[in-house]
Amino acid sequence: MARDEIVDDVDVNMEEDDAEAEQRLINEEYKIWKKNSPFLYDMMLSTALEWPTLTTQWFPDVKNPKDKSHTVHRLLLGTHTAEGKPNYLQIAEVEIPKMVELNPRDYDEERGEIGGYGSKASSGEPLCIRFKITQKIDHPGEVNKARYQPQNPDIIATLAVDGRVLIFDRTKHSITPSGTPSPQLELIGHKEEGFGLNWNPHEEGCLVTGSEDKTVLLWDLKTYEGTSKQLKYSRKYTHHSHIVNDVQHHPLVKSWIGTVSDDLTLQIIDVRRPETDKAAIVARNGHSDAINALAFNPRVETIIATASADKTIGIWDMRNMKSKVHTLEGHQDAVTSLEWHPTESAILGSGSYDRRLLFWDISRVGDEQTQDDAEDGPPELLFMHGGHTNHLADFSWNRNDPWLVCSAAEDNLLQIWKVANSIVSKEPADMSTPELDDPKPKQSSH
């Protein structure tokens, strides 16, 4: 046997050993998280999907059935199946138990708390979340991203792996798949696949997309004339020099669109300007690796967050984009998803390849800490969700139930959960929390 073949075998064996050691560590961390979870969550559901989803979003509606102890919410999901298997755009119904008035008779002596994850209401019913897929719509290839139109949530846009942007009207499809993908409209313009997709919250029928072909495209469904199922973009931007990873309309300023790229820049387009080869604002030198996502603060119009492969999150103030206002450090791998809390303007969620979803409270930046607290992370690190054992793919805040989150990992695991009120409430909890086991990395709490 040649010497280089022996070296190759050694390298392979070392890689296998490293992978096994990493998996053992992941499994151990998961066991610790599972043991601690009754103290960390008011409710939790982990469900194994048939296939992983790369995308998740709560629909804006909620039903409140009479004489029922739950509310009914809906989720938008996709699939990422194995080679040769069909893919679907999926809609799920989720029954969320109503939070009951705490009753001293529900006190759990073993855990030393009232109510909480896994407890029962005074009626004796367990506080359990129920999940079921209610509609499957055929989709060509995996769903890179799916988002509903805010003005009409039955209209859904998806990013396909061939670069097409597909528009589906959910009401025009049966609840079971037909076997043939049949979107209402195909938006043609990108030459490569992408993950950047965002509807215009100010104008119905308009959306923006970003792609690995380095372009940002604007679309206006109102220009569709019905002669074919295809529609061309209304405007093409070429201001980035590398892959465009994420795009977002500003939620408060109609003419602004934010874009981020592997070229390490955050850029702001002003659609009122005629030029399409440069942005109105360019923020450089904020990150040392690709910028994967951005999020405009929905309540403070000048604040933007960026997520990077350099493991950090940048906080920017649009009044001075020469440098970041602050850097959030706590993830151990690339940060890939960002979303601000829908009602708490200082709360930001971030998902990462490190399998963690972190909650940050920007209002705590600079707060004094004890040495013990500092070991758990910076003062603005509010909470660490450690329930996933694979890369975070996407997550979504529920707009009808504060602090209710859906998170999806690149394995089949989908989790629907609500962090314990004692951790995120402004006032300290009345009852002390028992001492938790010490996971690595540490769970962050008050």
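Residue positions begin at 1 at the first shown residue.
Using N, Cα and C of the backbone, Cβ positions are placed for all residues, glycine too.
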Select from 112-116, 227-231, 352-356, 372-376 the stretch of residues annotated by Swiss-Prot as region 'Interaction with the histone H4 N-terminus'.
372-376
By a Cβ-Cβ criterion of under 8 Å, what residues six or more beyond either terminus of the repeat 'WD 4' (286-326) are in contact with it?
242-243, 245-246, 248, 250-253, 258-262, 264-266, 268, 332-340, 342, 345, 348, 350, 352, 354, 360, 362, 365
Kindly report the helix/strand/coil residue split of the repeat 'WD 2' (189-229) according to DSSP, in that order.
3 helix, 14 strand, 24 coil
For the repeat 'WD 5' (330-370), jot down how many residues DSSP puts in helix, in strand and in coil.
3 helix, 17 strand, 21 coil
